[in-house]
Amino acid sequence: MSNILIVEDEENLARFVELELQHEGYDTHVADNGRDGLDEAMNKDYDLILLDLMLPELSGLEVARRLRETKNTPIIMMTARDSVIDRVSGLDYGADDYVVKPFAIEELLARVRSLLRRINIETEEHSSHQSVVRYRDLTVEKENRIARRGNEIINLTKREYELLLILMENINVVQSREELLKKVWGYDADIETNVVDVYIRYLRNKIDQPDSRASYIQTVRGTGYVMRQ
């Protein structure tokens, strides 16, 4: 079942929403301030985030903005501020939907179901149409795990292939070293994140044009790596 993060500083409301979601079968976690909510969202893969706008330590808008720099987790903004400018700001900062307090729990649950359903459909459609992933002159054939630059096959190890595929399937989305380590080596891998840097170097040596000064893979200082359009 889907895993939902609730970032809400009103304890009674957070607990009520959590219990209702759990009753519907969702796994939940609650953070009561913006900074903890951002840390939780960055370090774990949630299917959806319910995010209050007015939070201590870090506002909901700032949480959404920072999260969108590296992740595309669906966000439903929850707030008592219902002016048009507030709604537009929330959506512009990265929210996918907006619910105004006080809200009927049935409406919130319906919005959660609707957004998760939409994301699942988009994911399935993307997967079914993306047996071949392309970026500039690079292609990855997922069915037979072959990478090419132009017509030339690039001989990659299993780890190099998985790193390349993650980056090519998430164009313009920064992948942190921690995320890449978990996705490629596994959650229980007892290794340091600098192994990611080593394998990115291996990968660059294989995919980059010999006479090119710019790499396909860009380094985001202090964070990780990204391929940009």
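The backbone N, Cα and C atoms fix where each Cβ goes, and this holds for glycine too.
Per TrEMBL, the features are as follows:
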{"type": "DOMAIN", "residues": "3-116", "note": "domain 'Response regulatory'"}
{"type": "MOD_RES", "residues": "Asp52", "note": "4-aspartylphosphate"}
{"type": "DOMAIN", "residues": "130-229", "note": "domain 'OmpR/PhoB-type'"}
{"type": "DNA_BIND", "residues": "130-229", "note": "DNA-binding region"}
Would you count the other C-beta atoms found within 10 angstroms of the C-beta of the residue listed as '4-aspartylphosphate' for me?
26
For the domain 'OmpR/PhoB-type' (130-229), what are the DSSP-based totals of helix, strand and coil residues?
34 helix, 23 strand, 43 coil
Check Asp52 (4-aspartylphosphate) against DSSP and tell me helix, strand or coil, would you?
strand
DSSP says what for the domain 'Response regulatory' (3-116): how many helix, strand, coil residues?
53 helix, 24 strand, 37 coil
